[in-house]
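A.B. asks: Here you go, one structure.
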Amino acid sequence: MSERKYFGTDGIRGKVGDTPITPEFVLKLGWAAGKVLARHGSRKIIIGKDTRISGYMLESALEAGLAAAGLSASFTGPMPTPAVAYLTRTFRAEAGIVISASHNPFYDNGIKFFSIDGAKLPDDVEEAIEAEMEKPLTCVESSELGKASRIIDAAGRYIEFCKGTFPSELSLKGLKIVVDCANGATYHIAPSVLRELGATVIAIGVEPDGMNINEKCGATDVRQLQERVLQEKAHVGLAFDGDGDRVMMVDHLGNKVDGDQILYIIAREGLRQGQLRGGAVGTLMSNMGLELALKQLGIPFARAKVGDRYVLEKLQELGWRIGAENSGHVILLDKTTTGDGIVAGLQVLTAIVRNSMSLHDLCSGMKLLPQILVNVRFAGEHNPLESEEVRKITEQVEVELAGRGRVLLRKSGTEPLIRVMVEGEDEQQVTALAHRIADAVKSAG
């Protein structure tokens, strides 16, 4: 694979107003994508977005570029990323485009593409789009220009799809659920799904103003959800990120339940129901406690590189069906083609109802080892991970852990961050060791 100039691990992302997230660049991107995608036959593209204020500007730019290449755009309005993947499949569109920066602050935005089957675009198609970007923009004949339309019932279609992943013989009646939609794309979807399945729903993070997406709420900050679950004496809480492809949960005692624990619950339930094909895929960041708990159940476990696209690749390579990142991306290939927070949450709720067990009890078979993650921001072109001092300190830490823990350093694929993760048996030791490495990374950056 050649080095890509614009596409990262999750599409194209950046600060609004800075290249590449400018109207000029996105218009050219729409045109280049249109030129490449038009070669495959269909001339319809689905465009969805989250609730960021910049989404209006960027969808207009995308639509203009696509139209110039002869492709028509169908807009969904604010819609979760997995909903756009689903609608792309059901409308047999040539591609789906999501305008979102996922869990990032409102002043960031991004563009990611789905192929006709609802999966991420293959690398060679992304590379072809980048190659087209280098050419001068030309417009098709006036009679061949693309048009724009709006999908009126997009939300209703996706709500019905989500409900269809919950067993028809079960109901959420009797469950009180707090749901935090991060003032993002699930704000008008998730509460309706849960209510229509019978739950009593308290919804927070459902008042987007274009600038409050992910702000002290949602899957990246569950403190507000934890407080509300305890205050309302709710059975469970669910938190989604800004574009709805991640989910975190909170049990009735206010404890956070992360992607590793969610994967454990879904894998165990699949085993109990005789529906588990193969094993489960996690990532290099997945807690060792997940691996040990699955081993006890006889469920094979494999680690992929960090990033939901790599989890998906590993699932396809092994022929398995379920995988997750501890950040809450959960991929269930029997139901979806990409990470879907609402669908993943519904599978955990299925286990709660079917087994008449609390979320807390469902997690009890898995003991999380202390895992400390420190994010170190760096400036400039130099990668701190190439520093001799960082390498030396990391080796010292590994010696101190003496085979009873793990160290992982990696560069973020979406932000100028080095993620330092240390895992072991003793939380105090793990914390000190993580910060020792982080200090070395800071000095090197």
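Just so you know, glycine gets a Cβ as well, placed from its N, Cα and C.
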A.B. asks: Besides Asp241, Asp243, Asp245, which of Ser102, Ser115, Ser387, Ser412 does Swiss-Prot list for that Mg(2+) site?
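C.D. replies: Answer per Swiss-Prot: Ser102.
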A.B. asks: Of Asp243, Asp245, which of the binding-site residues has the most Cβ neighbours inside 10 Å?
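C.D. replies: Answer by Cβ density within 10 Å: Asp243.
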A.B. asks: If the Mg(2+) site is taken as the center of the Cβ atoms of Ser102, Asp241, Asp243, Asp245, which further residues of that chain fall within 8 Å of it by their Cβ?
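C.D. replies: Along the chain, the qualifying residues are Asp50, Pro80, Thr81, Ser100, His103, Gly184, Ala185, Ala219, Phe240, Gly242, Gly244, Arg246, Gly339, Gly341.
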A.B. asks: How many whole Å apart are the CA atoms of Asp241 (Mg(2+) binding site) and Ser102 (active site, phosphoserine intermediate)?
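C.D. replies: A Cα-Cα distance of 7 Å.
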A.B. asks: Whole-number Å distance between the CA of Ser102 (active site, phosphoserine intermediate) and the CA of Asp243 (Mg(2+) binding site)?
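C.D. replies: A Cα-Cα distance of 5 Å.
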